[in-house]
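Let me begin by presenting the structure, written as structure tokens, before commenting on it.
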Amino acid sequence: MNERAEEEELRRKLRLIRLLHQTNPYPQGPGTASQRRNRRRRWKQRWRQLVALADKIYTFPDPPADSPLEQTIQHLQGLTIQELPDPPTNLPESSESIDSSQRLAEI
């Protein structure tokens, strides 16, 4: 199963690289010599960029299967929301509100 997954990942990368190469066809068409030369020069520059990008795609390492992020996601997916009890209707006055009112009186 692991070899099959690796093979499928390699095929996906190769399809992406092939798509990149198909988006940059060799320039065709009429024009003066300088226009044709400039089109070829721009095409060659784009081609070098595509080759560099394809190399990065091909050599980019795959993330490990049990990365901390995936473990965290699996843990979060296991969480459920439980029904909480109704809050109490009469709350005692908190000590923080007493402290803040005493401080205001001192100022």
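Each residue, glycine too, has its Cβ placed from N, Cα and C.
Residues or ranges marked as compositional bias 'Polar residues' by Swiss-Prot: 21-34 (among others). Sorting the compositional bias 'Polar residues' (21-34) by DSSP state (H, G, I as helix; E, B as strand; all else coil) yields 4 helix, 0 strand, 10 coil.
What Swiss-Prot lists as compositional bias 'Polar residues' is 91-107 (among others).
The region 'Homomultimerization' annotation in Swiss-Prot covers 16-24 and rests on similarity to another entry.
Residues annotated as region 'Disordered' in Swiss-Prot: 20-40 (among others).
The feature region 'Disordered' is assigned by Swiss-Prot to 82-107 (among others).
The motif 'Nuclear localization signal and RNA-binding (RRE)' annotation in Swiss-Prot covers 35-49. Helix, strand and coil counts under DSSP for the motif 'Nuclear localization signal and RNA-binding (RRE)' (35-49) come to 15 helix, 0 strand, 0 coil.
The motif 'Nuclear export signal and binding to XPO1' annotation in Swiss-Prot covers 71-82.
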